[in-house]
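Contents: one structure, followed by commentary.
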Ligand code: KIV
């Protein structure tokens, strides 16, 4: 992948330009300053996802994640980056009650972190909220299909878009939040024909970002730890571009062996 030279931080509008130019949008998640710093040159946007609850904290779902947790990790990611747009997930319970609640949470995220946009889960039923936020200066990324914050009503992490109404419902979700002003939409776990119909629909002007939603989307996102091979289990849509778990385990084992055997530290590590 070529490295794009860019002096200022990318903004939400830049993703629309990528889409218009037919250039793929590149994104990964990050929760730490140091890993975000590595991604910065290669990603158009970095998502501080609420998946941090599961990836960093070993939670069973994203539901217990708080606004304070999101803000803390987003501050770290902003400190570690200078170029990529940073998008921060609105956690469960921080936006669903009313448009006003959503604005207060989004305003905290933008003010306290310096991030350039927020992401919220849900389709047509959140179109009013998306419009309320964008009209008040908050760039919003939507998230449809498999929406992990709805795990209890969806009945588990299930691929979406199946069944006779699958395409109609998801296309309506995408169209509604795109028309409400969302600059991009994450499409997660959606069967290919439906993902294709949404990504190529003239009614969906927002950039489509796929995760398990085919190659027809305008861009792709993966959870960093999944694609690096750090996670214990990964869904079918993840390609492991690295095998860090094996590398870390080998390094830790060597360290333990050397300390036990008195081979570390050596003279070179001693004052
Ligand atoms: O929280 C997250 O990491 C996400 C991605 C899976 C898109 O929402």
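Here the Cβ of each residue, glycine as well, is placed from N, Cα and C on the backbone.
A TrEMBL annotation is a machine prediction, not a hand-curated record.
Given the structure is predicted, the values throughout are model-derived calculations rather than measurements.
The candidate list 17, 19, 119 contains one residue that TrEMBL assigns to the 3-methyl-2-oxobutanoate site with 50, 51, 89, namely 119.
Apart from the site residues 50, 51, 89, 119, the chain places the Cβ of 29, 47, 48, 49, 52, 62, 65, 70, 88, 90, 91, 121, 143 no farther than 8 Å from the centroid of the site's Cβ atoms, the recorded 3-methyl-2-oxobutanoate location. Proximity of the binding-site residues (51, 89, 121) to ligand 1: a Cβ under 6 Å from the molecule is found for 51, 89. Residue 119 (3-methyl-2-oxobutanoate binding site) sits 13 Å from residue 188 (active site, proton acceptor), taking the CA atoms of both as reference points.
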